[in-house]
Amino acid sequence: MAHRSDQKAENATAQRSAGERAEDARLVRALGKRSIVLVGIMGCGKSTVGRRLAHRLDIPFVDADTEIEQAANMTVPEIFAAHGEPYFRKGEERVIARLLKEGPQVLATGGGAYMSEATRDEIAENGISVWLKADLDTVMERVRKRANRPLLQTPDPEGTMKELMAKRYPVYGMADLTVNSRDVPHDMVVEDIVEALKSRLLAEDLTSSAQETATGAQ
């Protein structure tokens, strides 16, 4: 399945025109050393969409949860079970702060990562945050396929998800960009992210160039 997904991404890349690829390269140049940081609730598609986005822009993809697991030599559910959520969150802050020094890249973060003010500050300094906003039905359909979500090990997973969304969505809304993650082919969501990034970063690039020109003319 992963091979088929990778093949589709490669085909999509090949079908884009030279002009479109040049525009993507310009976007990456405007990104500089910053990371594209995907934030959002569990099941919103950060890892799946993130891999495709990284492939399209030809920059690395990094999953923060995977990095945490490698550093701890434990899975995220095992860390939660053995040490509790506060311990996990502190480690998460440290790992994300380290990863943000390694851009440019696409960095997928865990659902609770952006709730940390320290992490939000690190992302603001070293990245562009993109909230993948998904509705309850879309998220629940996706998370039901995986039984290893620590925060959903409750008698009423949907009720728990509603509570998480009510608490977290106002904070996710502080992200630089918001893109709707919905039940469409992943490449459509990737395209939405790229267009949002171009509107933001290429506008920054033009403003910076204009300021440099004005300074040089003085």
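The count begins at 1 with the first shown residue.
Note that Cβ sites are derived from N, Cα and C of the backbone, with glycine treated the same way.
All TrEMBL annotations are machine predictions without curation.
Here is what TrEMBL records for this protein:
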- 1-23: region 'Disordered' (REGION)
- G43, C44, G45, K46, S47, T48, R149: ATP binding site (BINDING)
- S47: Mg(2+) binding site (BINDING)
- D65, R89, G111, R168: substrate binding site (BINDING)
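Neighbour counts were taken at the CB atom with a 10 A radius for the binding-site residues K46, R89, R168; the maximum falls on K46. In terms of C-alpha distance, the listed binding-site residues D65, R89, G111, R168 place G111 closest to K46 (ATP binding site). Put simply, D65 (substrate binding site) is 10 Å from S47 (ATP binding site) when counted between their Cα atoms.
In this structure the C-alpha atoms belonging to G111 (substrate binding site) and C44 (ATP binding site) are separated by 9 Å. Put simply, the two farthest-apart Cα atoms among D65, R89, G111, R168, the recorded binders of substrate, are 18 Å from each other. When secondary structure is read from DSSP and collapsed to three states, C44 (ATP binding site) falls in the coil class. Here G43 (ATP binding site) comes close to A134, T138, V139, M140, R142, V143: these same-chain residues lie at least six apart in sequence, with C-beta atoms under 8 angstroms from its C-beta.
The local packing around C44 (ATP binding site), expressed as other Cβ atoms within 10 Å of its Cβ over all shown chains, amounts to 27.
For D65 (substrate binding site), the same-chain residues that are 6 or more apart in sequence and have a Cβ closer than 8 Å to its Cβ are V76, A108, G110. Taking a C-beta cut-off of under 8 Å and a sequence gap of six or more, T48 (ATP binding site) has these contacts in its own chain: H186.
Under a cutoff of 8 A between CB atoms, and with a sequence separation of 6+ in the same chain, the neighbours of G45 (ATP binding site) are L132, A134, R142, S181, H186, V189. R168 (substrate binding site) sits 13 Å from C44 (ATP binding site), taking the Cα positions as reference.
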